[in-house]
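Before any comments, here is the structure.
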Amino acid sequence: MTAASQTTNQAAPKTATVALRGPDAGTARTALLFAVGLAVAGAAPFALYPVFVMKVLCFALFACAFNLLIGFAGLLSFGHAAFFGGAAYVTAHSVKVWGLPPEAGLLLGVLAGAFLGLIFGVIAIRRQGIYFAMITLALSQMVFFMALQMKFTGGEDGIQGVPRGVLFGIFDLTQPLTMYYAVLAIFVVGFALIWRTVHSPFGQVLKAIRENEPRAISLGYRTDRYKLVAFVLSASLAGLAGGTKALVFQLASLTDVQWQMSGEVVLMTLLGGMGTLFGPVVGAGLVVTLESYLAATSLPVPVVIGAIFVVCVLLFRRGIVGEILARLPGAR
Amino acid sequence: MRSLLLAGTALLTLASGAAQAQVSNDVVRIGVLNDRSGIYADLAGEGSAIAARMAAEEFGGKVAGAPIEIVVADHQNKADIAASKAREWVDTGNVDVIADVPNSAAALAVQGITKEKKRIFLMSGPGATALTGAQCSPYGFHWTYDNYAMAAGTGRALFEQGKKSWYFVTADYAFGQSLEEETTKMVNKLGGKVVGTVRHPLGSSDFSSFLLQAQASKADVIGFANAGGDATNAVKQAAEFGITQSGQSLAGLLLFITDVHALGLSAAQGLMFTEGFYWNLDDQTRDWSKKFEAKAGKKPTMVQAGVYSAVKHYLKAVEAAKTDDSDKVAAKMRELPVEDMFAKKGKVAANGRMFHDMYLVRVKKPGESKGPWDYYDVVKTIPAETAFLDPALSGCPLVK
């Protein structure tokens, strides 16, 4: 926890130069990378197990949402599990018990994430640094204990057997491939939204706040409002990821709201490269792959992931993508 | 890459001819899915895989002419990992049976998948009664214990020992509350009474105020309706207060021999709870446990012994049905009596619950223990009929 926040503080100024590149060359490269990524993702279910790739996509979206906050606004939230897991519960419950179609369930999940984000944000953005992180952690623990106690979440059994349903009345999500492309579409929409946000004037203000908040204030920006909007946006996207995951796995459980999940998303973002657009996707892919493929070996999964994290912090603090970008000619 | 390899091997096995057409893919593949690195790694973990291999070895590694293969995976106590691993095993790994799966959320997820995909599911690790209740499956077999057996079994057995009034220290969430509720129902039904209850939050480290209230209640039994770290912390602090020495009994509602091993006898002495298995019951259990210890380096828990028994019974059913077709094997499993070192004259009910004797144990004093793992006095054998919930009351739609 402290290790994570320390690296945040140290890594932020270094990645800044990468993120503040001009829109010309950077945009072309991003578009190219995005097209390649999309082609790979489109072909992935024929080579890899679709459920596994869907899981990667859900976590990638979650990590991207988190990265929007830490990488571009400089806010380290330690409570993102509450948005992710809270939305998973809301989507699962509304689809299973109320019998809503999946798109309505997802929408409710996003709204739940946004609502929680608004509450968390209003309270937490009044403080900075470690206090901000602690407040978000405390609030997310409250959500965890509520999830543990409330009847509709099923306690430690979770909500099980969530039907996937028929998206927009046309797409039958019980077919693995249909579900896969629906998840891919959701991811692309979420990712595009983040890309647009980062490259908008709003995104530039966020970066300014990250770099020097008093100066942004002196320029006349109401930084608290910008931070709050960024927080709510990030929470909504985390909610979208959580709701999608509930549909993919047809369950919502305490794992998704536990503080370890907040830690996991920090880990994914830092490993991949904080403040880069593709970093969180790579980080999420790496962590999820390790979790599922080490599962069948005799290596203890948490130890391996922990060791990789230590190596990352010691040797390449910018994360995988951050380090590649920094070493590419013309990147600076 | 892995899935490609798997697909390749699957194709090869298909191509090599269907000599034993009755066994799918010419192999009976058993997937042991449990926690191998977290809090349940000691009580299930690799030990469960060893137990499953021991069952396969007793069949000479072959059943109905097809080789038996054991594969393992670590679900890391996450329901989504359990669900995706189980799906992957069934879809691309030709796994016929999934075994163990501690953690009730993970087990319920796997129950849903095995029901949909028609694969046998042998549950030893999880405790949720819903697995043979509302969420029961024609292919799901709940083998070793369940929360009802642990709670109600302990309530009844202690009542019969003359301990009639209870005070609960309950973990304040659905699991703790259901343990408390089941025990209360049983105690009230028999004519005992519950004199009080105190709720503590999940993950408490300080139980002193709860224990003082419990002590002041003068109840015959202080019941700990919690598990894992909460239970061991409560027991440890109760020992510091000298509660058992002052005449009250401590009852754990969900404890395993590994918890006692971790606590040590001086802290755990006098504690009473229900076990599904103890290595030192008779010659058969001692014999098997000795073999297990040679491989695992420790005595088996009831979960591990249960995995052995469940896998063995499954293999017997495959042998008898001469096929690994899930419907036929499930029917045979219900038809055949369960007879091995774990369960004597066990019987599988319509809802998938395996009925076998349970044991009320009391933890020995340090001076009484003759060696490592010599931890229990078996106070009472709880007969199978009263140990578990009557299937007719389980709420399982399969029971007519």
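Each residue, glycine too, has its Cβ placed from N, Cα and C.
According to TrEMBL, the transmembrane segment annotation covers A:31-52 (among others).
The annotation transmembrane segment is assigned in TrEMBL to A:59-84 (among others). Non-local neighbours of the transmembrane segment (A:59-84) in the same chain are 1, 4-5, 8, 12, 15, 19, 113, 116-117, 120, 124-125, 129, 132-134, 136-141, 143-144, 186-187, 190-191, 194, 197-198, 203, 206-207, 209-211, 226-227, 230-231, 233-242, 244-245, 256-263, 265-266, 268-269, 272, 274-277, 279-281, 283-285, 287-288; each lies 6+ residues outside the stretch with a CB under 8 Å from one of its CB atoms.
For A:104-123 (among others), the entry in TrEMBL reads transmembrane segment.
Annotation source TrEMBL lists transmembrane segment at A:130-148 (among others).
Residues or ranges marked as transmembrane segment in TrEMBL: A:179-198 (among others).
The transmembrane segment annotation in TrEMBL covers A:228-253 (among others).
Here TrEMBL flags A:265-287 (among others) as transmembrane segment.
According to TrEMBL, the transmembrane segment annotation covers A:294-316 (among others).
Across A:31-52, A:104-123, A:228-253, A:265-287, the stretch most heavily in contact with the transmembrane segment (A:130-148), judged by Cβ pairs under 8 Å, is A:104-123. The highest tally of CB pairs under 8 A with the transmembrane segment (A:104-123), across A:179-198, A:228-253, A:265-287, is held by A:228-253. Listed by sequence, the residues of this chain that lie at least six past the ends of the transmembrane segment (A:179-198) yet keep a Cβ under 8 A from its Cβ atoms are 19, 30, 34, 38, 41-42, 45, 50, 53-54, 57-58, 60-61, 64-65, 67-68, 72, 106, 164, 167, 171, 173, 206, 233, 237, 240-241, 244, 247-248, 277, 281.
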